[in-house]
Amino acid sequence: MAISDAPESVGTATGQSDSDLRLLSLRRRSSATSPGSCFDAEDAARSSGFQESLNNKNVDDNKDCKSNHAASDHIVNNDARKEHGEQVIDVKYAYRPSVPAHRRIKESPLSSDNIFRQSHAGLFNLCIVVLVAVNSRLIIENLMKYGWLIKYGFWFSSKSLRDWPLFMCCLSLNIFPLAAFIVERLAQQKCISERVVVLLHLVISTVELSYPVLVILRCDSAFVSGVTLMLFTCIVWLKLVSYAHTNYDMRALAVSKEKGETLPNTLIMEHPYTVTIGSLAYFMVAPTLCYQTSYPRTPSVRKGWVFRQLVKLIIFTGVMGFIIEQYMNPIVQNSHHPLKGNLLYAIERILKLSVPNVYVWLCMFYCFFHLWLNILAELLRFGDREFYKDWWNARTVEEYWRMWNMPVHKWMVRHIYFPCIRNGIPKGGASLIAFLVSAVFHELCIAVPCHVFKLWAFIGIMFQVPLVWITNYLQNKYRNSMVGNMIFWFIFCILGQPMSVLLYYHDLMNRKGEVD
């Protein structure tokens, strides 16, 4: 609190009487009183002859002082002033020297017990400023040293026309949701039995997953095209499973209701069991993997907001491409296989690759989970937009996997984890099965476009299981600490993704060398 050397001047109106000045002095003493030193203002008011007018106010002030230990407001009661014909004057009073400055035990803001109980917006802004300054210098230095390394042919080239079979395959994926709808419509009309329904859904989902894999493997397509097709394939497969599983459960509940069985409140369906092409079509384009007949909807579409998000999406996609072409590609091309050759050299390459890799990954997360999914949700008026939580604060690896990708997490919980629990599988086994399914799909999305099946992505995901146990143990042993969060960031930034990038790059280059 800044204290002025010169005393503050108090302006008074002309013609004030002595009693007015005495009253103003008494109010000044009352308002200058600080927490913890609430003196009896009633005695002072009694001496000036205004006990009756100030009684209620001072009693309330004393109650506030006793309960909250808060200072009296410097703004006096205007009604009391007007009652005695006094002009209202706003005065800022000084902090009295006799008031105690230390009243209770307090921790420093950066102490371990207090650091996570307050806002760090200023430090966050400082980090942004430092990052912009440091990376701007690095970008300028890189451009002066190596020149413009971005190759437009990688992103926009006439050779991309050779990927037309993948594009046609992506368009043909619409056949499988239509087939699933026909099966469900027949099941609703009780034209086929439940066993036949399950068998048909298994065939549809298996063909939907196998068909794009065969197309990618038979075509010498670009890596980006293959990854895009595999992502669409996995999304459609997850949606088909949810569609079939949810309708199966809704039919079972409808049958139980027809028989007059009493169901728990949690199993009472908000909407009747119906199979419509409109609900399936909305589900296939909605930013969710969990099917239901109706979703929370927003009242309207904010067109200006959508435009701003699209501009951000274009900007951050360009930043991501710049980092890949200007930084990551030269580092990877000038490296050796991390499991072969000099160990120190491999560590140096991994550490050098870790920083741009983190930037690219964060840009990818922001572009897809925040910008694209929110744009899609806004256009479809999809209400539930919790596509991620604060995964950056995860104290265990298990927390990270529960928070960073909410659509997949909800799908895993709904269609893998709890069905395993209901069938008698222990929680540890159910979690292991969920990680196994995730590892298989990560391997498909990377290994198939690369035409390299070394199981690096599969091993990387399954390696998360012991990390879950380790970080859970550390969190239970060292409560209220961020040891698990530090381990997560170390694995995430240094040991995990940069190592995978180098492994797949060199395996892909070796494969191309053998083919050539």
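Quick reminder: no glycine exception, Cβ is built from N, Cα and C everywhere.
Database features, via TrEMBL:
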- 1-21: region 'Disordered' (REGION)
- 123-144: transmembrane segment (TRANSMEM)
- 164-184: transmembrane segment (TRANSMEM)
- 196-217: transmembrane segment (TRANSMEM)
- 223-241: transmembrane segment (TRANSMEM)
- 310-328: transmembrane segment (TRANSMEM)
- 358-380: transmembrane segment (TRANSMEM)
- His442: active site (ACT_SITE)
- 455-474: transmembrane segment (TRANSMEM)
- 486-506: transmembrane segment (TRANSMEM)
Chain residues in Cβ proximity to the transmembrane segment (196-217) (below 8 Å; excluding those fewer than six residues from its ends, i.e. six or more beyond): 165-166, 169-170, 172-173, 176, 179-180, 183-184, 186-187, 226, 229-230, 232-234, 236-237, 240-241, 244, 248, 444, 448-449, 451
Listed in sequence order, residues with CB under 8 A of the residue listed as 'active site' and six or more positions away: Ala457, Phe458, Gly460, Ile461
Selection from 223-241, 310-328, 358-380, 455-474, 486-506, the stretch that has most Cβ pairs under 8 A to the transmembrane segment (123-144): 310-328
For the transmembrane segment (358-380): best-contacting stretch of 223-241, 455-474, 486-506, by Cβ pairs under 8 Å: 486-506
Distant-in-sequence neighbours of the transmembrane segment (455-474), which means Cβ under 8 A and at least six residues beyond its ends: 395-398, 401, 431-432, 435-436, 438-440, 442-443, 445-447, 481, 483-484, 487-488, 491, 496, 500, 503-504, 507
Spatial neighbours of the transmembrane segment (223-241) far in sequence, C-beta under 8 Å, 6+ residues away: 160, 163, 166-167, 169-170, 173, 176-177, 180, 201, 204-205, 208-209, 212-213, 215-216, 283-284, 289, 291, 408, 411, 415, 441, 444-446, 448-450, 508
